[in-house]
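Pasting a structure below so you can have a look.
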């Protein structure tokens with residue numbers, strides 16, 4: 001059977017499963033549409049949260065990021081540490097509050113239409129920027145594995161999401177996400193186990209990574225990471241495990257990712273779907289276990305794939321001649337067609353020299369003389385890190401069905417996150433804008449219809465943006481985390497842990513935190529990301545105290561807290577009924593079912 | 001009513017203490033062991049790397065899971081003790 005047919009069977013079977021679930025889990029009321037009826041088991045919600053959270057970026061790009069070495073550990077700690085904050089600082093109290101959306105809480109707690117509107121805008125901007133990447137990621141996965149055009153791939157993805165999100169709402173999305181989690185985690189771990197076995201003899205990648213590299217015989221066994229340090233050093237790269245110099249920036253970047261994770265609305269609303277406050281606490285723990293299964297494996301995939309790649313290019317060792325281009329393996333040819341692997345024979349010797357030739361880095365400068373002595377004329381192989389996971393089974397020569405599984409897994413990761421984001425967007429529009437701010441007299445049925453129409457429109461907008469991605473798609477992820485961390489997270493936390501912060505303080509804090517973060521990001525990445533409009537070049541020398549624009553969300557959050565408290569203490573206390581509302585969210589008793597309203 | 005009030009205050013202050021303690025551990029394993037103290041821990045080898053590297057890529061995440069389950073268990077127990085469970 002051809003690889004194409006195998007891929008088609010795996011992807012087709014997973015779609016059939018999603019459609020089946022969608023038909024079974026139709027939403028009949030707004031409560032089912034927004035919070036899946038509030039009756040989701042905490043373990044099931046944990047799984048759905050994990051699929052909701054782990055996007056195309058986690059599935060496809062994470063291992064590639066980690067293959068750069070220790071420096072990108074921030075992503076691992078940041079994207080998991082946020083769940084500790086969620087479990088203790090937000091999820092149980094927001095579940096007790098018992099309404100449907102994040103702006104619902106901000107609007108009620110700060111008794112202000114302005115606060116609600118700011119929250120809705122932040123939510124929509126953060127979620128829309130995030131969803132562009134998901135649609136584009138699904139398009140890439142379809143194009144590579146199902147041999148359709150990128151455009152057709154995005155339309156297929158949109159059609160599938162439309163089917164189960166518009167009809168099933170949160171209920172359909174929840175149970176599809178549970179299935180998608182299973183598909184994506186199986187797809188991620190199986191190739192990782194095989195590769196770990198090949199390189200280290202240990203079936204558990206997280207242990208294999210810290211075990212001995214045994215692929216060259218037990219007599220030559222050395223610790224895998226030591227081996228990796230050695231071969232990358234011999235090619236002029238920085239040691240894989242090398243420490244970073246700018247610890248302040250790494251710390252702030254990790255902190256920004258953590259509070260951004262805790263403040264992303266599509267994750268928070270997942271905790272509205274469990275029956276009780278106690279379940280919300282358990283559910284956060286289950287979510288992190290399911291997420292950790294992938295995130296503990298990812299560093300092993302990254303390090304082993306990098307070692308495998310170097311071994312492919314230098315089959316006799318890095319001191320010996322590189323591979324002849326004519327002898328390149330099949331997977332290099334496949335990926336060359338997509339443009340994600342590029343070869344240029346700069347010294348015209350027919351071999352593939354891959355090394356660090358980036359002038360300016362200390363390691364590359366020190367290596368330049370060695371490279372010249374070996375007759376090398378620049379790095380000849382450029383590999384896009386995003387292919388590491390997708391090409392992993394081919395690099396390790398695994399059977400065809402594993403590749404089919406990866407195809408289904410990558411698509412599941414993109415679709416599940418897209419659906420969660422689209423629900424957050426559509427519920428903010430139909431519930432917060434239409435029902436609460438524009439037409440409070442709308443009937444239950446009318447609101448449900450409005451929710452479905454908003455969902456349909458949101459999918460069309462996301463599809464359009466996926467087809468015509470703005471040139472700044474990559475930078476916008478920083479924007480999404482910056483907005484969530486600097487505006488939504490502090491507002492929610494102060495709403496729960498302070499009775500003194502009032503409407504004026506909250507609005508001033510959100511606007512100040514958001515503005516400071518946006519100005520800092522735009523200064524270095526271009527105003528509204530328009531190329532060429534950056535005020536200062538995006539280099540570490542220009543950053544204030546060495547803080548990169550991606551790390552600024554944490555500073556934005558601190559500004560938010562400071563301004564909110566200062567303004568609140570200069571103005572009136574919140575009314576008594578608001579202070580009672582704060583009291584009531586702190587105690588679990590009487591949370592009951594999500595309040596219909 | 002006064003009794004209810006002091007009970008509620010006790011519940012909330014216990015919760016805050018628990019959160020503070022958990023956050024200290026949370027920060028210690030990630031920002032501490034994983035980032036700032038890594039040079040101090042470089043003498044302790046963990047399979048080809050050092051303890052700080054292991055914390056940054058594995059240990060911190062494993063500790064996070066323990067923190068959340070400990071917090072959930074402790075708070076859910078407190079809810080029951082104080083008659084606040086649903």
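The first residue you see is number 1, and the count goes up from there.
Note that Cβ sites are derived from N, Cα and C of the backbone, with glycine treated the same way.
Automated prediction, rather than curation, is the source of TrEMBL annotations.
Pasting the relevant annotations from TrEMBL:
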TRANSMEM  A:6-25  transmembrane segment
TRANSMEM  A:76-94  transmembrane segment
TRANSMEM  A:114-132  transmembrane segment
TRANSMEM  A:152-169  transmembrane segment
TRANSMEM  A:181-199  transmembrane segment
TRANSMEM  A:250-272  transmembrane segment
TRANSMEM  A:284-305  transmembrane segment
TRANSMEM  A:401-429  transmembrane segment
TRANSMEM  A:450-467  transmembrane segment
TRANSMEM  A:473-494  transmembrane segment
TRANSMEM  A:506-530  transmembrane segment
TRANSMEM  A:550-570  transmembrane segment
Six or more residues beyond either end and a Cβ under 8 Å away: which residues meet both conditions relative to the transmembrane segment (A:450-467)?
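Counting only partners 6 or more residues beyond its ends, the transmembrane segment (A:450-467) has Cβ contacts under 8 Å with 30, 33-34, 128, 131-132, 134-136, 138-139, 151, 154-155, 157-158, 161-162, 165-167, 169, 418, 421-423, 425-427, 429-431, 434-435, 442.
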Restricting to CB pairs under 8 Å, which listed stretch, A:76-94, A:114-132, A:152-169, A:550-570, is in contact most with the transmembrane segment (A:250-272)?
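Comparing A:76-94, A:114-132, A:152-169, A:550-570 against the transmembrane segment (A:250-272), the winner is A:76-94.
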Report, as numbers and ranges, which residues of the same chain sit near the transmembrane segment (A:76-94): CB under 8 Å and 6 or more residues beyond its ends.
53, 58, 66, 102, 105, 253-262, 267-268, 271-272, 277, 280-281, 283-285, 287-288, 291-292, 295, 298-299, 489, 492-493, 496-497, 585-586, 588
Short question: which residues 6 or more past the ends of the transmembrane segment (A:401-429) have a Cβ under 8 Å from it?
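The answer is 3, 6-7, 9-11, 13-14, 18, 33-34, 51-56, 58-60, 100-103, 120, 123-124, 127-128, 130-131, 134-135, 137-138, 141-142, 144-146, 157, 160-161, 164-165, 169-170, 173, 176-177, 180-181, 183-188, 190-191, 194, 265-267, 269-270, 389-390, 392-394, 450-451, 454-455, 457-459, 462.
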Hey, which bits of the same chain come close to the transmembrane segment (A:181-199), Cβ under 8 Å, at least six residues off its ends?
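Apart from its flanks, the transmembrane segment (A:181-199) reaches 14, 47-48, 50-51, 54, 59, 205, 208-209, 213-215, 224, 290, 293-294, 297, 300-301, 304-305, 307-308, 389, 392-393, 396, 398, 402, 405-406, 408-410, 412-413, 416.
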